[in-house]
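Novice: Sharing the record's features from Swiss-Prot:
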ACT_SITE  LYS129  active site, N6-AMP-lysine intermediate
BINDING   ASP44, ALA45, ASP46, TYR47, ASP48, SER93, LEU94, GLU127, ARG150, GLU186, LYS302, LYS326  NAD(+) binding site
BINDING   CYS431, CYS434, CYS455, CYS461  Zn(2+) binding site
DOMAIN    639-717  domain 'BRCT'
Amino acid sequence: MLNEKKPVEQLTETEAAEELAFLVTELARHDALYHGQDAPEISDADYDALKRRNDLIEELFPALIREDSPSRKIGAAPSLTFQPVLHARPMLSLDNTFSDEDARDFVAGIYRFLGKLPDHSIAFTAEPKIDGLSMSLRYENRKLVTAATRGDGTTGENVTANIRTIRMIPQTLPADAPDVVEVRGEIYMAKSDFAALNAEMAAQGRPLYVNPRNTASGSLRQLDAKVTASRKLRFFAYAWGEISAMPSDTQFGMVETFKAWGFPVNPLMQRLSSADELLQHYHHIERERPDLDYDIDGVVYKVDRLDLQARLGFRSRSPRWATAHKFPAEQAFTRLKGIDIQVGRTGALTPVARLEPITVGGVVVTNATLHNEDYIRGIGNSGEPIREGRDIRIGDMVIVQRAGDVIPQIVDVVMDERAEGAEPYRFPTTCPVCGSHAVRDINEKTGKVDAVRRCTGGFVCRAQAIEHLKHFVSRHAFDIEGLGSKQIEFFFESEDPTLSIRTAPDIFTLERRQEASLTKLENIEGFGKVSVRKLYEAINARREIALHRFIYALGIRHVGETTAKLLARSYGTYEHFRAAMVDAGSLAGDAWNELNSIEGIGEVVARAIVEFYKEPRNLKVVSDLLEEVRPESAETRVSTDSPVAGKTVVFTGSLEKMTRDEAKAKAESLGAKVAGSVSKKTDIVVAGPGAGSKLDKARELGVQTMDEDEWLALIGG
């Protein structure tokens, strides 16, 4: 990670902006892997740590909060396999708590936000957090009309036909149900049904499924509803979206209503009145967890009264009145059989542990991530000892941790079980794929050695070249249907010059080369006339492409989808962008300064872009690519109607018509950034009685000031 995990409070403003840009890209990538592809590659705990770091930086540097910040997002974009459904009300995710202390802070924060209320006067509900797939069921005139996944929270996937096969979901509602109601909850697969399904797969000699959650998700996304029907999916109802008439004024009452309408609800849900009671129920559910016939990963707390929920409102991606108290990660012991090295698109050598099969949290684990060379040696990202400095050696008895549906990780070693004479692991200094030197670069900014060892072979390295091509055709880049991983590997390995694809421009010359060839692609096993025709159509459909997609597809290190959009908006055309990057090559002058001044582009990212354009081989590939495709000019950003959107606001003094938290939440919901101090970047200071130095400084700097009534008039109440 950037800044070597420097404490947030020690970051400079430039470093903070740089790291926020990195976190946007990194979290968006993991969101897509988890929500869109059901293929997460980091643990829930690591993901949550990235989110917490992002939130801490934004809290200290509110002026740097980006429009595409992870704090404003919910999940990943929906797949194109099913028709999109626009949710009438967004399906928000929940903030997480990880300790009893965090849970107490959640309760205390509710009381602080709402103001003067007696202790124990606010009731809460507590229920298991089901590890499944979020679902919204829309009923009109008491008939099920649409079922949609959460997707990115705003737009989901229409899976109505498949949902109709789940017997425990009502097709119609009783006569007393509202005309319009969206019942929301979780689709899951019972552990017993999962075990039976895998037993059936084993009997047929077919590959086993990994875990119930991924199996439920895959089952729900089947194009053939008969397959879904055979998978015995289940449902728990616990929330709602659009509803034409409220049947209750409490969370608990709403869930009881769902039960009366025929929906399954969780029997472990309780209504409680204090943090102590919530924690008591949390630990009760934690003890019951192994015996439940469904996977859970925590307990959800919600304020019970709906009028208080309305007052508390929402953050950009989550309700303020609810939180998910997560369980600790599950662990098990097994033997490390070996360490394999994988080579990624940027040349990173990633060690992966081969383990004796072990069941962790109901899932058979055979591989685990080892992160990097230092992690194996017992050294953390900042050079600090981890595992008390214990290294990891082949043959060791290790502790494996699985947190969520991800590649597990080795968290410790049982030293008493280490074999006498076991040798320390020697990380390779050459690429296992191409034999090129593998080096650990020096970070020019920090002077520290990079934690990752990288192959220097570049496009000479088969692994890097193939991964570059896979990235180029991926969904957020050129998105060429029919060019998946297997097809890319086939074309790359082909020795026929009319079939070979070694660099991105080769994709767009394939059809021309095939016209003059006797070896027709349509005659090769796995292809046919129809599939080849569709492949050429998909390739030709991408000869004009959005500028940000083009930049992202180049595979420049540190340039993710979000950074590519920033660059596209800032430079407008590819010609302008390329010329500016070449001019910035000296790391000085107007072009370099302009690049670094883009909000969200820090020095590390800027250097990576400039270095890309210094490499003649990259320039040749891009030049050849531009002979085949045309990047479109970037669209200008659409402005919002809110009078305070994009403005930085500071509240000071006492507010009489709302609490400070309510004022902040309202401002942020209108697109404003709320800061804690006044600076030249401040646009508005809202001053109540008792305003002091902040108001004085605002006047000194010429910042617009107003009282609470003027503020409410400005934002429309």
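Cβ coordinates come from backbone N, Cα and C, glycine included.
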Novice: Kindly report the helix/strand/coil residue split of the domain 'BRCT' (639-717) according to DSSP, in that order.
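Specialist: Going through the domain 'BRCT' (639-717) residue by residue, I get 27 helix, 15 strand, 37 coil.
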Novice: I need the neighbours of the Zn(2+) site defined by CYS431, CYS434, CYS455, CYS461. Which other residues of that chain put their C-beta within 8 angstroms of the C-beta centroid, in sequence order?
Specialist: VAL343, GLY347, THR430, PRO432, VAL433, GLY435, SER436, ALA438, THR456, GLY457, VAL460, ARG462, ALA463, GLN464
Novice: Using DSSP and three states only, what is CYS461 (Zn(2+) binding site)?
Specialist: coil
Novice: Express the predicted model's confidence over the domain 'BRCT' (639-717) as a mean pLDDT, rounded to an integer.
Specialist: 82
Novice: Out of the binding-site residues CYS431, CYS434, CYS455, CYS461, give me the one sitting nearest to ASP48 (NAD(+) binding site) by CA distance.
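Specialist: When the Cα distances are compared, CYS455 comes out closest.
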Novice: If H, G and I count as helix, E and B as strand, and all else as coil, what does DSSP give for ASP46 (NAD(+) binding site)?
Specialist: helix
Novice: Which one is closest to CYS461 (Zn(2+) binding site) in space, judged by CA to CA distance, out of the binding-site residues ASP46, ARG150, LYS302?
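Specialist: Considering only the listed binding-site residues, the nearest one is ASP46.
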Novice: Where does LYS302 (NAD(+) binding site) sit in the DSSP three-state scheme?
Specialist: strand
Novice: What does DSSP call ARG150 (NAD(+) binding site) in the simple three-state scheme?
Specialist: coil
Novice: Which three-state DSSP class does CYS434 (Zn(2+) binding site) fall into?
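Specialist: DSSP assigns CYS434 (Zn(2+) binding site) to coil.
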